[in-house]
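Asks: Please read through the structure below; I'll follow up with questions.
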Amino acid sequence: MLVLSLSTVAFLGLAQLADASGPPSTHRRTPGGGQTMNLVRSAPNSNVWSTQQWGHWAKTQKSSLEAKYGGAGASDTGVKKKRATGTNYMTNQNGDSSYFGSLAIGTPPVSYNVILDTGSADLWLAGSDCTTGCSGVATFDPSSSSTFRNESSPFSITYGSGQAAGFLSQDVVQMAGFEVQNQIFAVCEQVSGGLLTAPVSGLLGLAFQTIASSRAPPFWETLVTEGAWDEPVMAFQLTRYLNVSGVQTLEPGGSFSMGFANSSLYTGDIDYVNLPVTGSYWVLPITSISVQNQSISPPSGQQAYAAIDTGTTLVGGPSSYIAEIFQQIPGSAPGTGDFESYYTYPCDTDVTVALSFGGRTWSISPADFRLARLTQRECLGAFFEIDSGGSSAPSWIVGDTFLKNVYSVFRYSPASVGFANLSAVALAQSGDASGAVPSATIGSSAARVSATGSMLPKAHRGAGIKIGPRLLYATFVSLLITIAGVQSVLL
């Protein structure tokens, strides 16, 4: 997850998420039925951020993202193995600032809320012996699980705002009706302040094994390589509550589908583009950019590479291209102080940016481009400058500012990312004041496999790219927990 989601509204709070193991259902029906989830709703948060608070947040996001991306089959008796599909309903936190799902670990299984991050590849949870950075969050107790095994290997992952450290373990992990019996994950005993905010207990990385700090096969990759999914795909539909009047701290966040693309949530065909580089990030080349229907010179070569990251809120790119984007917006100006590397623009201007990755062109809503209203007339844009420091990390990070506008599909084979137009059903879920936040459920697993993949040698890890778990979220939450919420323009 990249520089951790950066939307434009920031209400403090996290939601318990959908089905941890059994396929859950809220007020919507899922194909093939499912279990019933209790629905909860939180009270609205009315506190407003000042310009200074937004500045501190913006500055932190930039440094975190750059740090994250390196800037300046079982044969065991009784193991069920059949193809299936599953859906995990998500929670939208703080007006599109982040999106969370739930999974369950151990025997008996206990559910935990985790960030769903296509920008990293490790699974980790705060442990019951956590001494720092874990106050108020649900923690994993190894002694409570009869199937827990300590791997006796140290684990640490570093973010721009801090790090998480502990030890590697293995246990049963369940999510959306799937189960991996001996999944490697980290139990963290030390977490930098602000990396976790209740009720989120950890992070689930959804990128490839080669960038995992643990060197272990990710949960999703085990499921797809062991043939547990009907199709080798996972897909996201993210809701929008940014700039919605009366938005609450927790809102329905959309859905994370495993093993299929939910045809009720998109229209037309899915436009797939093959990854130019496989086995690390979900990277696509940006081939065209337009602002207010005016094309700008597209990047080329490695400067065109963009990580498609559900764990990042905003869109970051090289300074020259970000400057050119804002040059198309009359009245825009570079930010100063904490807003350095960001741009402001007149709030009475609706800005539409469109991106192409070699296939169709996809537009970003003006509501998503507006990150925050700093004054009555001055707004903060959701595109900002990042510096990859000449490393092999992607030059662009394309996060939820873009992904809320499409149905996104991440395909294992052939390795590619696809986008499609959102359906009327999906669009109606955004800003729905009657929507209920899903809570976690635990049930029987429709498909069960064992993790048979081996851990990569240390020299191989990262394939030359150092990436940590959803960096941005860590720093974003660290700011949020010092403030109570945001205004209606929120992240």
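Including glycine, each Cβ sits where the backbone N, Cα and C put it.
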Asks: I want to verify the bond table. Which candidate from CYS130, CYS188 sits on the other end of the disulfide that TrEMBL records for CYS134?
Replies: CYS130
Asks: Fill in the CA-CA distance, ASP309 (active site) to CYS134 (disulfide bond), as an integer in Å.
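Replies: Each residue's Cα considered, ASP309 (active site) and CYS134 (disulfide bond) end up 25 Å apart.
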Asks: I'd like the number of other C-beta atoms within 10 A of the C-beta of ASP117 (active site), please.
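Replies: For ASP117 (active site), the 10 Å Cβ neighbour count is 29.
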Asks: Do any residues at least six apart in sequence from CYS134 (disulfide bond), in the same chain, have a Cβ closer than 8 Å to its Cβ, and if so which, in order?
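Replies: Correct list: ALA126, CYS188, VAL191, LEU196.
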Asks: Far apart in sequence but close in space: which same-chain residues, 6 or more away, have a Cβ under 8 Å from CYS130 (disulfide bond)?
Replies: THR139, GLY166, CYS188, GLU189, GLN190, VAL191
Asks: What number of additional C-beta atoms lies within 10 angstroms of the C-beta atom of ASP309 (active site)?
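Replies: If we count other Cβ atoms within 10 Å of ASP309 (active site), we arrive at 38.
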